[in-house]
Amino acid sequence: MPLVPKANISCFLCIGFKSWFSAFHRRKRLDSFVVGRFGALLQPFTFAVRLRRPVRKLTKTRKCCICSLNQLQDLSVSLNLEEIITTACFRSPEQVLDALQVVAQRGLTEEQVKQRQAVFGRNQVMQKASVSWWQRILEQFQDRLVLLLLLAALVSFVLAWSEQPNDRTWNVFIEPIVILIILVINAVIGVVQQTNADKAVEALKAYETDQVIVIRDAKRFPMDAKELVPGDIVELNTGMKVAADMRIVEILSSVLLVDQSILTGESISAFKISEPIRQVNNQRLVIQDKANILFQGTTITQGRCIAVVVGIGSETEFGKIQSDLSDMNQQSLQTPLQQKLDEFGKLLTNIVLVICGVVWIIHIDKFSEHGGIVQGALYYFKVAVALAVAAVPEGLPAVVTTCLALGAQRMAKQNAIVKSLPCVETLGCTSVICCDKTGTLTTNKMKAQQIFLVDWQQDENLKWMEIQLRDKASIESTGETTFFNMQTSNAINPRSIPSLVQLGCISSLCNDATVSFRNGKSYPVGDPTELALLYLAEKIGVESSSESPTKDGLNENSIDIQSVNLPARLYWISRYRKRRTFEFSRSRKSMSVLVEGQVENNGKQLSLLVKGAPENILERCRYVQSSQGKVIPLDAVKKRSILECFQKTLSTSSLSLRCIGFAYKPDATDLLYVPNDENCCYEDVETDLVFIGIVGIADPPREQVKDAIRLCKSAGIRVIMVTGDNPITAQGVARQVGLLSVEEMSSSNKKLRIISSHDFDNLQAHFSPESIYSAIRDLVILARVEPLQKLKLVEYLQKGNQIVAMTGDGVNDAPALRKADIGIAMGSGTWVAKAAAKIVLVDDDFSTIVAAVKEGRSIYMNLKHVIRYVISSNIGEVCCILISSVLGMPETLIPVQLLWVNLITDGLPATALSFNASEPNMMEQPPRAPQAPFVDGSLLFRFLTVGGYIGVASIGGFVYWYLFSPNGPHLTWNELTSYEQMTSMWKSDNGGKTMALSVLVISEMFNALNGLSESQSIFQLTPLSNPLLLTAISISVILHLMIVHIPWLQHIFSVTPLSITEWLVVVGLSIPVLSIEETFKWFYRQKR
């Protein structure tokens, strides 16, 4: 489509998008249906008819559109987005920016954004049209039992029509018409249930939004990716998903690697550049050749860059193949539980069909009593099929899907976003939770608390100079902070200690975090640890003799435009120019930057600034710098002495500190020429360092975590802390949150409860997998863990038949998240981790995981309640018909009545049971085994017992009316069971059927009350705990009373009014259903 017409349509969408879009989808659905059924010749007709209305609406919209159409057309032509997309890889970054009319340092203005949104729309791809309601209704009639009943009703209608006109009455048409109406109502209810289930599942997708960091109006802030427009300046770093097609403007790291497998199928990450690509002989480039383009849907696996958006929505490479991808990614909503229910349902269907066949055969000798052999055979065929329709729970899958989806929505409200419905039921089986420490057990609000510098004495003995930070202000504040020397208990000036100032310099420059200031408010952007170090650098300040540069002195070409609000960082970036960045990797546990600074005689010197895990940093150091700036050679003895002193200090500290080591390399000119490729080993770069000191960062535990861990212990769920911190820090946090008690920490098997990554490697090297599981059976803390060790931990636990939930946030955590039974990604984590996980924690809180496990158990129990109610009630209907047939009684229920019971008992009450409140003692029970059958022997026995009684009670009501009711014929038992001896007057009476029907309905309503709990008595967990169930039961009872006491409905359903005495008998026969279930619940509690 040309760009100018597209501008017109987009302009119309400003107001008329919803009406035009819905009409377009209606036309698309009708086209596909008509063409599929009647051939392509009718397609032009449908196109013309369905397109008239949207065209009229577009015309009306154009008159009142608030956008200036001419300006939008000019903008569309001047941008010429198609040409920009095609040629972006061949142009330099400056040329692409000029073509998009944007400056990289400033980004788009709000006015430009509004105009481009009006022209190009939102950054989203048109989704496939959903199934229409009438298609769903047709699907409800595809069940073979329903089709058989429709066929029987049709044959009955034809036979009635074939009677002589003089003998024909409208009464003969009532039954087939009512059967058809009830089936239609059942279909509508099925559609409503399925639609609600689909809506609940779709609502979950609304919680999954991609965030990007964008620069607009010279401000850097996070934003929803759907709001991107061509020309937006976006910052991307490791683990982020690319939200649109973008041209790389500047690479801010030494290497930029992107996973393009979703588009190209490449098994390795693609190496990206910012330089233009040379075009040879107008040859068309494939995706793999466009090394300076980032494509939507791909993921940054390593590095950091600035890019400009060139294509959004359907104009991206991913958008062009979205329809194919959506078809491939459409997965069945059927969960493992539903598969088990389907298998059970098929078995039940076969059993019911056999019973229906037996019922039909038993009545062969009674065919002549219904107007002839053919009519009698057809009548009992309808009875058998109606019984099958009523007994088979065909609506159960929709109820299960609704229950799972609504439970997932409740989890989403508690900040746990469920991406896969099967994991909802798996949550109830969770036996081990492997969780991160930082941000999950703790608040992730980092704050520098202590600084450890090396204090050099004349005898070359190395001691710690321990500095503690005390302030009354917030974490972000740089004022009112006092630095205390813990050895002398005196306050010190941080600027008077050279090593402390240098540590502040590294904290500021070797740091990707920043703070955005908008409308007088600060918005931290970056990793919490790096933010804490950034605030620490501001509190330390700069050299005493230095003057901080002003905002006007800032380099205009600097991308870090927010540094003007951070004086210390502004000073350091004016002194040192960042030339290279060697990104953090979990393998070496460090990060470094290469900076260029001015030295004497106007010379320049390159220095390497490094931060990371203290043990790893110290291992690569050759020198150590004292607090006063003296550099001393560092040998193995001194390294060991520093580590021992440091660990002793930490072990006696009341704080659980996360420690970061700092070092530098003064002359690193050779590092400027280290190749920018994925084969470069950064550990070889960070050698011969000068060790400065360590910063201890405190991260207080979350308030709810202690109670959550106590709840896990009572529920039989193990919690393992998997952290990258050192064992001492992890042990302190575990003690604070109740994960380790004082007795456990002092016990003889403490080493098996707290192990490091080195210990874990030793276990793998010397023991078999079975022995390793035995060794880690009591594991509580795995410290200094690496991503591969997370994966191995999951594998060993699973070999021990444990159901494992694993948390993660980084790119390298994806394999472990995918391997775990329940992968849980942090909301603040990378997109790669979120894509691999089944659940995303919005708030990163451990207590949210426990709440999700509790919700999973509750959902599973509610599903059992629904199934127990539906199956036992349906068994009662089968028993009622089968027993009366075997005893030779008249039919207790006719086809219309059976369908009526199915209509009012299987719909509302069953759905309402999925809203049951959680049982109080649910988290005091051990996790259920995933291999355990959903319907075991004891549960099947409960089905048969309760269902059998419902059937017998219905027969009892039928017998009461014929033998004892004041309004009945007072027959004897022999007369009742001898069908041929009964007079024609009593054969046609409906009193007995009404009693049987009423007992069946009322007993099933009492049975619904049994579904409130599997073990708790109805007097403990009262019906008031589920108001929806009371409402559903009330509606069902009122509907039944209407057909019994409204004359014209009596005629349709072949019932008669009941007296008060008869209603008391109905209630008396129905209420023992409660007593039977209460007995089962008592035995269940005693057994447990």
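Placement of Cβ uses the backbone N, Cα and C atoms for every residue, glycine included.
Keep in mind that what you see is a predicted model, and the values were worked out from it rather than measured.
Taken from TrEMBL, the feature domain 'Cation-transporting P-type ATPase N-terminal' covers 91-161.
The transmembrane segment feature in TrEMBL is assigned to 34-51 (among others).
The annotation transmembrane segment is assigned in TrEMBL to 145-161 (among others).
As annotated by TrEMBL, transmembrane segment applies to 173-192 (among others).
Per TrEMBL, transmembrane segment is recorded for 347-364 (among others).
Positions annotated as transmembrane segment by TrEMBL: 384-407 (among others).
Here TrEMBL flags 866-887 (among others) as transmembrane segment.
Per TrEMBL, the feature transmembrane segment maps to 939-963 (among others). With a threshold of 8 Å between CB atoms, the same-chain residues lying at least 6 positions outside the transmembrane segment (939-963) that come near it are 864, 868, 871-880, 882-884, 887, 889, 892, 969-973, 976, 986, 991-1000, 1003-1004, 1007, 1010, 1062, 1065-1066, 1069-1070, 1072-1073, 1076-1077, 1080.
Positions annotated as transmembrane segment by TrEMBL: 1024-1043 (among others).
Summarising the annotation, TrEMBL assigns transmembrane segment to 1063-1084 (among others).
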**Report entry** Residue numbers, six or more beyond the limits of the transmembrane segment (1063-1084), whose CB comes under 8 Å of its CB atoms
**Finding:** 942, 945-946, 949-950, 953, 956-957, 960, 965, 995, 998-999, 1002-1003, 1005-1007, 1009-1010, 1013-1018
**Report entry** Folded-back contacts onto the transmembrane segment (1024-1043), same chain, C-beta under 8 angstroms, at least six residues removed
**Finding:** 900, 904-905, 908-909, 911-913, 915-917, 998, 1001-1002, 1005, 1008-1009, 1011-1012, 1049-1050, 1052-1053, 1055
Query raised in the report: Which whole-number mean pLDDT does the model give the domain 'Cation-transporting P-type ATPase N-terminal' (91-161)?
Result: 75
